[in-house]
């Protein structure tokens, strides 16, 4: 066990400051969101919210089973499975437990307060965990980014984005942990959390999962080559022999959790992974997308579409010119920037700070004398995973934004903020072991304090 650090006045002051700051953040989140939840109007729901409410009503009846004629069929219907091709089943299933069929307004208010309570509890846990792992300014910056650029913009909507953010974070951390230490149980956790996140929102998980499989497989091949052809034996907690069995376990857990939804989708649309998004993203306008969704509610309607008229990558990219492609991506960039607001420049500033800390460590510190003073070479796989995942999700969002809402990108803000903070703190921790100049540590703390104040100031404009 690691040695217990003795309590000191500075340590007590640090935790008191953390509690006060965290309490203030939670209070302002509650103050901002509670009135907006109280003002929820069933007549002002978006198309996605209305689809969620419709599935909630259907799922509500699934949760009132009649076992007089059969036992297995009603029990199977109680598992999250319903989809209309646009909405995933997990949030309607959760909301159905709180649904009042006689009062839709009560359903919207009750589920909204439930999401708010879950968010506040999650942010409190995130704050304490981050404060134990990072410096206090960095920990508070992560919580501020998660709160005001992650949860606050999406929580008032009758969707499952709060659950998506939490499940996606668990999935993301599982992937990063597996790239450092690939125990078999971690692959199982990745499969479960990835499936849960996908059962809420299907536009991020599969691309990230594909990137993880590719990067970890490259890591396994690298490990096999090093084991058979390299004469230098390094120290690693990553076992290439575990990887292929781990991927099998990952797939088994993913399909075990998502299986009922896949079966329902296959029955309705003839495709297990069917999603309207995969078709309408190749259209040109939101109006065309909405019309397509309304006109193709089942497999029969899809079967009537001529092959050449089906929206596909080939039909869209095969006829588009380079100028039209650039125009659409630029328009998408403007829409993404408008959706994320000041989160983008704040994340870019943190990326710049990470690069600066790394350069200062390389140029202003003594050379590393042992492994504990340098980043492990295997860190490259984590950097590759984060970079490739964010890049691919970003490019997809730039294309989709002209047709589809991109509110799901707020789920990536917390992941990227946490990853950048982890990178900066890891570099600085090793720099301290190498005797970094004190002014670099102080400057980093001042910069992170300024970053936190920047997030708080930009969030204050909403109140």
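Cβ coordinates are placed from backbone N, Cα and C, and glycine is handled just like the others.
The model shown is predicted, which means the values in this text are computed figures rather than measured ones.
Of the given residue ranges 144-161, 162-179, 270-287, TrEMBL assigns the label transmembrane segment to 162-179. Note on TrEMBL: of 62-79, 80-97, 242-259, the range annotated with the feature transmembrane segment is 242-259. From the options 324-346, 347-369, the stretch TrEMBL describes as transmembrane segment is 347-369. When Cβ-Cβ distances below 8 Å are used as the criterion, the transmembrane segment (206-230) is approached by residues 171-172, 175, 178-179, 182, 190, 194, 198, 236, 238-240, 243-244, 247, 378, 381, 384-385, 388-389, 392-393, 396 of the same chain, each at least six residues removed from its ends. Long-range contacts of the transmembrane segment (113-131) within its own chain (CB-CB distance under 8 A, at least 6 residues past either end) are made by residues 14-15, 18, 22, 25-26, 29-30, 33-34, 37, 98, 138-140, 142-143, 146-147, 151, 155, 162-163, 166, 418, 421. For the transmembrane segment (440-462), the residues of the chain that approach it from at least six positions outside its boundaries are 28, 32, 135, 137-138, 140-141, 144-145, 147-149, 152, 341-342, 346, 349-350, 353, 357, 360-361, 364, 424, 428, 431-432, judged by C-beta separation under 8 angstroms. Under the criterion of 3 or more C-beta pairs below 8 Å, with sequence separation of 6 or more, the transmembrane segment (411-428) and the transmembrane segment (162-179) qualify as touching. Sequence-remote contacts of a segment are chain residues at least 6 beyond its ends whose Cβ falls under 8 Å from one of its Cβ atoms, and for the transmembrane segment (184-200) they are 80, 88-91, 160-161, 163-164, 167-168, 170-171, 174-175, 177-178, 206, 209, 212, 242, 245-247, 249-258, 261.
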